[in-house]
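A.B. asks: From TrEMBL, for reference:
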type     : residues : note
DOMAIN   : 106-203  : domain 'CAAX prenyl protease 2/Lysostaphin resistance protein A-like'
TRANSMEM : 39-63    : transmembrane segment
TRANSMEM : 75-94    : transmembrane segment
TRANSMEM : 100-120  : transmembrane segment
TRANSMEM : 141-160  : transmembrane segment
TRANSMEM : 166-185  : transmembrane segment
TRANSMEM : 225-246  : transmembrane segment
Amino acid sequence: MLVVVVYAVLYTGVSLLLQTAFSVQIDTRNLFATPGSVFFAVGAGVLVGSILVGIFVSTVRWWRPLFAPQPVKGSWWMWIAVALVVLPAILRIFGTDWSAYSAGTVIVTFIFAGLLVGFVEEMLTRGIAVKLLRDSGYSERVVAVLAATVFALLHLVNAIGTGINVTVLATVAYTFGFGIVMYLVMRVTGNLTWAILLHAITDPTLALANGGIDTSNGGAANPLLTIAGLQNPIVIIFGLIAIIFIRGRVTQRNHAAEPETTTAS
């Protein structure tokens, strides 16, 4: 798991360096005021992070195993996790006041705060971390919990400059639940790709609906956003309950020989 810690340190350092160097480009009162503000506040650091993850995965030659069919099949109830991601995103798409943003801002947000964030965070926590944990012989329940914990702790970087506050704690709690949900998405769809794509539609729709990254503003003025805002507590509760029902284990012998056909125990 050292690779995740190293990434977090490098990503945080690079992000702070870029934000400081290009602070004049960032609108601190309205992050989404311009495409440049979004890019230098979020996108530049994520772009560097994507390159770092890509270099690591290429070095250890894990592209194929990470994107191979899941070695443990999902159960029917895990499709609930997919619904918990897709439905709120659809509500936010229809409930967001898109006229408040320029087309460039929306595009940059979906590319960098969406696709690249989804790629980096899922590769780290549902890709690299899950593979390392499975290779160590842990049960799928432990794999899901530890990977979700790593995912949640990564979001503690939001405390830099503000300290631990209600928003940061709420974000950590939500991201733990969301981490379990995305693990289930990966299991039931059978591939890491779907976790990346569903993650990619979550962050930008949430940010543009609420007007900020990792905020707890529910957008109460719009009924669609109010309903979508229920996702946060539901994800936390569902994630905790789902842990009880997660089953399976990938044995090292079968995983090494034929990872795509190992069955759940």
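Residue positions begin at 1 at the first shown residue.
Note: Cβ is positioned from N, Cα and C throughout, glycine not excepted.
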A.B. asks: Which residues, given as numbers and ranges, are at least 6 beyond the ends of the transmembrane segment (39-63) yet have a Cβ under 8 Å from it?
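C.D. replies: Non-local partners: 3, 7, 10-11, 14-15, 18-19, 22, 25-26, 31, 108, 111-113, 116-117, 119-120, 123-124, 127-128, 131, 213.
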A.B. asks: Quick check for me: are there 3+ Cβ pairs below 8 Å between the transmembrane segment (225-246) and the transmembrane segment (100-120), leaving out pairs under 6 residues apart?
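C.D. replies: No, since the transmembrane segment (225-246) and the transmembrane segment (100-120) share fewer than 3 Cβ pairs closer than 8 Å, they do not count as touching.
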A.B. asks: Answer yes if the transmembrane segment (166-185) and the transmembrane segment (100-120) have at least three CB pairs under 8 Å among residue pairs 6 or more apart in sequence, and no otherwise.
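C.D. replies: Between the transmembrane segment (100-120) and the transmembrane segment (166-185), which are separate recorded stretches, there is no contact, as judged by 3 or more close Cβ pairs.
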A.B. asks: Quick one: mean pLDDT on the domain 'CAAX prenyl protease 2/Lysostaphin resistance protein A-like' (106-203)?
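C.D. replies: That region's mean pLDDT is 92.
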